[in-house]
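Chemist: Here it is: the structure, laid out below.
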Amino acid sequence: MRIAFMGTPDFAVPTLDALVAAGHELAAVYCQPPRPAGRGKALMPSPVQRRAEELGIPVRHPVTLRDADAQAVFAALALDVAVVAAYGLILPQPILDAPRHGCLNVHGSLLPRWRGAAPVQRAILAGDPTTGVTIMQMERGLDTGPMLATVETPVDGKTAGELTDELARSGAALMVEVLADLPAHPPVVQPEEGVTYAAKIDKAESRIDFAEAAGQIERQVRAFNPAPGAWFEHQGERIRILACEAVDRHGPEAPGAVIDDALTIACIDGAIRPTRVQRAGKAAMSAGELLRGFAIPAGTQLASPPRT
C-alpha cells in the first residue's frame, strides 16, 4: 500500500519500521519540527525524523495542516492510507479524507478507556491491571473513531517507559496485521459506556504527597518514570524516586516521617521504601548510596505539597 506515516516520538518508531519491513511504499513521513534541546538549545530532530532519514524516506514537518497549501501537498501524495502514531498535530477533515482508506491511528489504550494525550500514565495511576493498543479510524473527535483491532497487555508493575515500549511494539505488529487484510477488520463503533479521558500530565502532579496511600504513591512513581519523575523535597533539594515498593506500617508516625535507616517513608496508609533514587544533576543510585552521601535519618519529617 502507498502510505504516509505521521508520528513524532520514540513510541512511533516501531510502527514506521514495521511498515517498511512489511514492504509498504512510504510516500512521506510527517513529524513535528525540530525542537531546541540540551544546554545549547540546538534544534534537535524527533526520533521519527531521524529514523526516516536513515531509511531514506522524505520527511515533512509542517507547523500546521490547517492551511490549504499543506492540504493540497498531502492530497497530491495519492495515498491508500495514512498511519498515525503520536503525531502531535490535529488532523483537519481534508487530511482525514484524503487517503483512500482514511487515517488509521495507533492509540496506546483499550478504547474507549483513556482517550487523550497520556493513556499509559493514566492507566498506571488508576491501577488498571491491563491496558493495550487500539487501531482506530480517525475522525474529528478526540480518539472517538471506530475501532479496527485491539490487543491487550498486562500492566504488571511496569513503569510508563517500559509499558510504552511494549505497547509501541505490539501496536506496530497490530497495524501491519490490519493493513494486510483490511476487510477482515471492519470498523466497530466505540461503546458509549466506559469512556475515560487521559488528560495531559501536569508537572505539578509529579510531587509526592505522603498524605496519599502507599499503593497510590508507588503507582505515581511508575507512571512518572522516566518523565517527569515523581519527587519529594529535602533541605531545598528535589529527590526523584525512580522505583519503590509499598510496605505495611503499624506505627503512629505521621505521613512523610522517615521511619527507619532504609529511607522507609510513612504514608497515610502504609509506607513506601524507595529502591532507586536520583538527586538533581546526579546519576540514578540506590537508596543506600543516596544515604551514604546525603543524610535523611529516621525521624526526619518530609514535607508534602500544600493542600488546596
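The backbone N, Cα and C atoms fix where each Cβ goes, and this holds for glycine too.
Grabbed the feature section from Swiss-Prot, which reads as follows:
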type	residues	note
BINDING	SER109, LEU110, LEU111, PRO112	(6S)-5,6,7,8-tetrahydrofolate binding site
Chemist: If you count Cβ atoms within 10 Å of the Cβ of PRO112 ((6S)-5,6,7,8-tetrahydrofolate binding site), leaving out that atom itself, what do you get?
Modeler: 19
Chemist: Using the structure shown, find which entry in LEU110, LEU111 (the binding-site residues) has the sparsest Cβ neighbourhood within 10 Å.
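Modeler: Least crowded of the binding-site residues LEU110, LEU111, by Cβ count within 10 Å, is LEU110.
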